[in-house]
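One structure below.
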Ligand code: 1GP
């Protein structure tokens, strides 16, 4: 199943505890895929441990690569973020160049997709790490997305509000400006209502934190999009 047809994704954090019962519920929730990734304390060991628990679940499992040392063979798909509004070139192209130095010979474009991130919650860890400029006007946010899609021709864009629900007008305007782009939205989705709100404009909704805080809320996000 290609990522373009994913409507709903659960993002699992290798550095967070998930018991068997919860994992079983997620596997049978009707979600389209699992995305494994996180910002804090993610390494090859905990990434592999989590991957081993979901690899035979019958769902696509993708890795969001946040550092080259975390790359593990065997995933169905790999996403490589490039943060369009990062404050340092490291997170736009620097880490990527170092990853290609090490792993370039393994590169297979059929299984690797660049995601043009717009990091828009200034309080999120990812915003601090990437020194992202989050105080963008609506027009500026759209312009960054347009650069990612039209100029860099990225195969997907990711509107990232990790930790809180974002501004639906930003998601809506980017959708209207870029009807052909594949839009991921993530941040603060905690139940049916927020899933529907952002799902009206984004192609793929990513649900993360709520898995660990309110499993019933997390499960409700899947049904809301069906
Ligand atoms: C994080 O966009 C995802 O990278 C999901 O965000 O954890 O706030 O659901 P939440």
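Every residue, even glycine, has its Cβ placed from backbone N, Cα and C.
TrEMBL annotations: computationally assigned, not manually curated.
According to TrEMBL, the sn-glycerol 1-phosphate binding site annotation covers 11, 158, 159, 160, 161, 162, 163, 188, 208, 209. A coil conformation is recorded for residue 208 (sn-glycerol 1-phosphate binding site) in the three-state DSSP classification, outside any helix or strand.
According to TrEMBL, the Mg(2+) binding site annotation covers 13, 39. Secondary structure at residue 13 (Mg(2+) binding site), taken from DSSP and collapsed to helix, strand or coil, is coil. Counting only residues at least six positions away in the same chain, the Cβ atoms of 36, 37, 38, 42, 208, 212 sit under 8 Å from the Cβ of residue 13 (Mg(2+) binding site).
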Between 11, 159, 161, 163, 208, which of the binding-site residues has the fewest other CB atoms within 10 angstroms in the structure shown? 163
Is it possible to get the count of other C-beta atoms within 10 angstroms of the C-beta of residue 39 (Mg(2+) binding site)? 17
Cβ under 6 Å from an atom of ligand 1: which of these binding-site residues qualify? The list is 13, 161, 163. 163
Simplified to three states, DSSP reports residue 159 (sn-glycerol 1-phosphate binding site) as strand
To the nearest whole angstrom, state the Cα distance for the pair residue 159 (sn-glycerol 1-phosphate binding site) and residue 39 (Mg(2+) binding site). 16
Binding-site residues clustered about residue 39 (Mg(2+) binding site) [Cα within 10 Å; pool: 11, 161, 163]: none
